[in-house]
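Visitor: Dropping the structure in here first, questions after.
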Amino acid sequence: MEVLMAERADLVFHNKVIDGTAMKRLISRLIDHFGMAYTSHILDQVKTMGFQQATATSISLGIDDLLTIPSKGWLVQDAEQQSLILEKHHHYGNVHAVEKLRQSIEIWYATSEYLRQEMHPNFRMTDPSNPVHIMSFSGARGNASQVHQLVGMRGLMSDPQGQMIDLPIQSNLREGLSLTEYLISCYGARKGVVDTAVRTSDAGYLTRRLVEVVQHIVVRRTDCGTIRGISVSPRNGIGMTEKMLIQTLIGRVLADDIYMGLRCIAARNQDIGVGLVNRFIAFRAQSIYIRTPFICRSTSWICRLCYGRSPTHGDLVELGEAVGIIAGQSIGEPGTQLTLRTFHTGGVFTGGTAEHVRAPFNGKIKFNEDLVHPTRTRHGHPAFLCYIDLYVTIESQDILHNVNIPPKSFLLVQNDQYVESEQVIAEIRARTSTFNFKERVRKHIYSDSEGEMHWSTDVYHAPEYTYGNVHLLPKTSHLWILSGGPRRSSLVPFSLHKDQDQMNIHSLSVEQRESSDLSVTNDRARHKLFSSDPSGKKEGKILDYSGPARIISNGHWNFIYPAILHENSYLLAKRRRNRFIIPFQYDQEREKELMPRSGISIEIPINGILRRNSILAYFDDPRYRRSSSGITKYGTVEVDSIVKKEDLIEYRGAKEFSPKYQMKVDRFFFIPEEVHILPGSSSIMVRNNSIIGVDTRITLNTRSRIGGLVRVERKKKRIELKIFSGDIHFPGEADKISRHSGILIPPGTGKKNSKESKKLQNWIYVQRITPTKKKYFVSVRPVVTYEIADGINLATLFPQDLLQERDNVKFRVVNSILYRNGKPIRGIYYTSIQLVRTCLVLNWDQDRNGSIEKVKASIVEVRANDLIRDFIRIDLVKSPISYTGKRNDMAGSGLIPDNGSDHTNINPFYSKVRRIQSLTQHQGTIRTLLNRNKECQSFLILSSSNCSRIGPFNGSKSHNVTKESIQIKEDPMIPIRNSLGPLGTVPKIANFDSPYYLITHNQILLNKYLLLDNLKQTFQVLKYYLMDENGRIYNPYPCRNIIFHPFDLTWCFLHHDYCEKTSTIIVLGQFICENENVCISKYGPQIKSGQVLIVHVDSLVIRSAKPHLATPGATVHGHYGEILYEGDTLVTFIYEKSRSGDITQGLPKVEQVLEVRSVDSISMNLEKRVEGWNEHIKRILGIPWGFLIGAELTIAQSRISLVNKIQKVYRSQGVQIHNRHIEIIVRQITSKVLVSEDGMSNVFSPGELIGLLRAERTGRSLEEAICYRAILWGITRASLNTQSFISEASFQETARVLAKAALRGRIDWLKGLKENVVLGGMIPVGTGFKGLVHRSRQDNNIPLEIKKKNLFEGEIRDILFHHRELFGSCIPNNFHNTPEQ
């Protein structure tokens, strides 16, 4: 009795609620004290009592018990307010898209967590006996997070890929979800039908493969006699918490005696219990060697001591226990359970979210300022960081409240600041969990409006895309999308150009994505398709002329050039020295009478350079146009080609010639015929040499258009069918016509001896046709005669004073026939063929030094009042200049910068060097125009790409810019690039004292403030040249015309006293962000963000633009100045995020590790290290030892890291799996080695797979070195490479496995469980056969082993300590391995 009393006195008296963890502790202590049987009896009583009480209490759960937390309303409102501010910052361009996503997720996550914490006190205060409250905090299945969804808010969900959906579900399940919320919640729910089915099957399959690998592992012996061990260090080393250490050690068996000084505190082969672990921790033992399944010396089973305690009853595992199957199931089973958990309903960024501390009431904050340091939060907001515990006092009128803020937290308020109730005063940083998987994610940002791209910093070409349009940002900057769509119609829009204003040639062309309305008439396209070259071959390359813009892509830009400008117009000429201008004058009435469809076409080659004898313009006379096929004949007329070979027009690389034949005669003939080209397989309904009428069916779906003689010629793959109209003459003696063949007969020759001797009215063409050898007849075909008029009609086309040019530029008008004599011309149906073309040929006198080889043509538009005129301007280019231009042109496009010849004429003493210098400074033509009433106030518009540079004057004295304007007297080419950095960087609004100037063409200084008239029309802004990083000049997108609609422009009125008040100067072309406090508007400080387009005395016009912030390393897509459409990719961010620790992502991770196929898998890193080790160790220890220890080390390392990886996933889920289960599996997938080719052995052939232990033993017994290297199997491959073919066949690929086994004559010894189950035998496991093992044999072995051990241990440990440094990087430092001798 006394003993009992004494025992009772030792026991602890519990008087509190026992939850799950307390229950676990109680049971384990009961087992320690009383053993299994007694404990189960006690627990039975507890269970019975529990059920009785529950029945008596009769807890029921109704929907009314779900009480929504009252603080939810304002919490959600608060979060919405924060999201709104965030959205605004994103709109201003202060926060980029990824930051916005992160912050919004954090805002909602923090809100949801705070609600969850509020839930418990709320229930405790309002309704402590509420059944929901009792159940949720009972510690039974079900936890706060589910209740939180019922009464708090459902929160953030992740989609099936584990990405966050940044739209939170604000309702809870008690209030009910809206439709959107319901759909989102279906995504994230782990209970979704699809999800559960798919995940469960995955988990099931994982279990099946695991069991397959280890089913044959059974405990067969008590001790295998191994002398190795794995060291675990109880000193709180890296990554080993005390809890993990206890988990690792308890239930294991010691591999070595442990000494504390000279005293042995634990012996070898002793199993470790709680007491022993506590002693180790107290004594801080250096390192503890334990036995694990890894080091067991048996191949296909395991011994009791290496396995350790059985998890079921806490003693050493019994012989005959099927530990393999238990291991497989313990790893696979949690998977199936975890899929069904609504474990973690969102929060990808949980790793870094912070808890908020809120003020309990209104009051003043007090804290010690010496203990905090100013810093910024991770979102860049100012805060205080406290390094140690900080006590914050909040005092209101009658209450004092103390809040303790833990170290490393952020304080978000100032000292002595007044805070309102529930205001966030501090953020407690979450301890970052070490188990989150980081992954790099690319996020594409898409443009949400169409417009023109612009960036405000230099960008680099990504090295792998040197010729593409992928650019890397070197520093944080804004990308701007300037609003304004591309020009969509070819109507001339309201133009901003005034009189004498120069324009670029490319403005007449059309935007790339729209097909052109200026499109070329069909006949023009016809010539291109059928232009023939002198050798008579068909033109190989058919050019596509859907619009006049030809697209040429080269290295850096995609140039689009107008090839032809097709205008119905007259040419009037206006002359200056060395420059020649032809205006096109639109003349509506005359046009209708004279030229219904065709007009003068001007052809300027792509690069704008014309050579000698080039054709500048041509006119297609409608009289020389045919709609049917036929042959042209000149008779015996001599013709010579105008275009000589060396004068070919060069089209970038591809020489393309369409020779024109100049004629010495005034007439030519056209013989019409109808031609059908049919595929070889078609059936023809008419016979060769038969005569048909009009509209006869030739094939199923073609009919003839004329009547006459049919000729059918079969070529290789097609049939050519021609129909000749005209008479047929059979040969008679008296008929002279029939004697001729293939000639033209002029009118006036009569038929003699016929009834009426009739004269021929027209020319005819006689052709002999021979159907058979003896017979022949003659087809007489009508001929159309064309008279070619002399220069009479040419004078009306091209004005006379143009042709009588007194300058050194010469023009002559030439008629040319487009087809050679006798050449058959094919027409495509419903299109016409032009036979003769009138050309304007350009030539010029040689200079004395003969340096002018080519001229540069450009088109100039001048608008006077409401009449717009276009001029062609031809500049004679001196060849050194063009050479410089070419060499400066990086892409080699041959585009010469438009520096015109004006400067050459202004200053005739330019040398070559000077010319190069001016090239780099010249930025192209900038349009300037005087107002009609000739006031001093000029009017100026910025070209859209901000290419005109604005720089301060050199000699300026004035500050009040509005009243003074200075005349420039210096060189107008002031190099401003040096002062302002390369083009494309935008100067910030700064405090410049001097007025600004633009480099203008006519050297009239513009005043800064300009007037915009008639803003309501849509108008067009053109682009000019752009300088790239090397100072070369480009015109990147010559064909783009941007049209603004009125709502793209904002008109800001300035304060009347603006200049005196602020020092800010608004610069033309400057970008303004919406929130930069540019206080200039009358109606308030806000300007919409955009680019300043027009500056006026009292107002500005801003082209609205949307800024996107981009961080360094982001990839920008597209080119500077490119037009982007809605939905185009703008920029790609790369950022790291932590995967949700959700099992949906967890299971694939486990599977990846077990199948050894993860990208960052151990195999990748280890392969390299292993080779290094093998080399070093071989050098130190010689061949046999080297291979042995090299493979040992490899396998030991990879095993440890595999175990750690798998444990990581499960621990992050809160699932406890004992290491030894994982070890058994990992041991199986790392137990094979590959015989390498380094040394030939008599036993194994190279490339053969053998068990590691077998290789070691064979090597020892043969005393010869076997060279092998470690190999990692996945579980599937390991299952298909076991000792038993029956178990392999029952797993996968049955037929293949059985066939191979039969061919090899494999024998199955039926050692495993599965083979016996398949064949219906008894399985070789079960804990009944203790007496079978002879104890004596094992006892004899032990002393011998220990002797051996002492010999080798010292040396080998030294070697391994040396090698620990080698592989220390890939595993935790607390493991190292002692291999066998």
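Using the three backbone atoms N, Cα and C, a Cβ is placed for every residue, glycine included.
Quick caveat, the model's predicted, so the values are computed rather than measured.
This is the feature table in Swiss-Prot:
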- Cys224, Cys296, Cys303, Cys306: Zn(2+) binding site (BINDING)
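Map these features onto the structure and tell me what's around them.
Guide: If you take the C-beta of Cys224 (Zn(2+) binding site) and look for same-chain residues 6 or more apart in sequence within under 8 angstroms, you find Cys296, Arg297, Ser298, Cys303, Leu305, Cys306.
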Visitor: Residues near the Zn(2+) site, Cys224, Cys296, Cys303, Cys306 excluded, by Cβ within 8 Å of the Cβ center?
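Guide: So the additional residues around the site are Arg221, Asp223, Thr226, Arg291, Pro293, Ile295, Arg297, Ser298, Ile302, Arg304, Leu305, Tyr307.
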Visitor: Give the helix, strand or coil assignment DSSP yields for Cys306 (Zn(2+) binding site).
Guide: helix
Visitor: When the number of other CB atoms within 10 A of each residue's CB is tallied over all shown chains, which of the binding-site residues Cys296, Cys303, Cys306 has the maximum?
Guide: Cys306
Visitor: For Cys224 (Zn(2+) binding site), just give me the three-state DSSP call.
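Guide: Reduced to three states, the DSSP call for Cys224 (Zn(2+) binding site) is coil.
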